[in-house]
Amino acid sequence: MSSSCSGLSRVLVAVAAALVSASSPCPQAWGPPGVQYGQLGRALMLCCPGVTAGAPVSWFRDGETRLLQGPASGLGPKLVLAQAESTDEGTYTCRTLDGALRGMVTLRLGYPPARPVVSCRAADYENFSCTWSPSQVSGLPTRYLTSYRKKTVPGADGQRMSPSTGPWPCLQDPPGAARCIVHGAEFWSQYRINVTEVNPLGASTRLLDVSLQSILRPDPPQGLRVESVPGYPRRLRASWTYPASWPRQPHFLLKFRLQYRPAQHPAWSTVEPAGLEEVITDAVAGLPHVVRVSARDFLDAGTWSSWSPEAWGTPSTEPLPKEMPVGDQQHTQTEEEPQADSPAPPKPSLLPDPQPLDHRDPLEQVAVLASLGIFSFLGLVAGALALGLWLRLRPDEKDGPQKSGLLAPMISVDKLPGVPNL
């Protein structure tokens, strides 16, 4: 029984050796010397370094005396594993017929590379970067080859191999990082990114077509500050600056959106300022507020940036200005004299102030005056119609026969029967 089992195992080893030899007689060196790589679940072959082809050797696991494969196997300096498992990883030694150590091989097992996951983003309109991550963990040392080229118009065969269209290397910064940068890109052009994952068992490529218009996403605005407005208990002034990565050019500007809320309130209020500052006019008096801001290309290319770090501010607790009548005009006077370096009057917010400082809304006054004018006109029209109707129906006081009018009887009174003639 044992002889039949050993014969079957020899047949399996011979078949595995034939398959491995047909595909690759011996794995190529990849990485540090003395290390060989193989795929889990597949047959593989180890080669004894420094031994000529055909020379018989014996194979052992390092630190063990059990013979794995003897010189009578007919495989020479090669060790064949019919189906590699994770327990097969480790160091192997090969010895000649006289027992002399000829070499050591360290086996590492893993998987071939899969197509990486690639995404690209442009923080400005001149440069963009691409990042990637493995879609499957190979367990083996891996490196990435990155390049890009400018896409041409379909059918323009004469430009496909033009040096102006690439390909060019996409520089990894720093070297070996999972990120590469393309400098000096054209905003209205399209590019094809090539990211190839390479490990000792092979290579796999991912191609990604991008355009700056679609991947544009600025960095968050910087330097957000929130300050109270002296004398205005419901106002806060927020200011910020462009992100340092965005070149300031008149034909490529940013627009902004600002969100704010009281500290204990979960819902955000949102406005879109016209510049680099905004005055909030409906803050809750006495409560701290949290403010954040994001940016986007002013022509809506790409997407909004992520939110800036939050900033906090509390409205001023100084008293409201007092209105003092002077002649036919009014002016405001606070309890304290204004300082020479006092801030300029705040710009109005896009949100209405539910309690304006002068408690008068010009739009409301215009609406009231317009309503009064309409009612006056309708009253005059109704009066004119009533007067005309009255003049039409009033009796004629002059002597003489009356003319038949609207209310005149159709039969004369003296013609009625039973009525004496007068």
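A Cβ is built for glycine as well, from the same backbone N, Cα and C atoms used for every other residue.
Database features, via TrEMBL:
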- 1-22: signal peptide (SIGNAL)
- 27-95: domain 'Ig-like' (DOMAIN)
- 112-219: domain 'Fibronectin type-III' (DOMAIN)
- 220-317: domain 'Fibronectin type-III' (DOMAIN)
- 309-359: region 'Disordered' (REGION)
- 343-355: compositional bias 'Pro residues' (COMPBIAS)
- 366-391: transmembrane segment (TRANSMEM)
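Looking at the domain 'Ig-like' (27-95) alone, the prediction's average pLDDT is 85. Sorting the domain 'Fibronectin type-III' (220-317) by DSSP state (H, G, I as helix; E, B as strand; all else coil) yields 0 helix, 43 strand, 55 coil. Secondary structure of the domain 'Fibronectin type-III' (112-219) per DSSP (helix as H, G, I; strand as E, B; remaining residues coil): 10 helix, 49 strand, 49 coil.
The domain 'Ig-like' (27-95): residue composition by secondary structure is 6 helix, 26 strand, 37 coil, according to DSSP.
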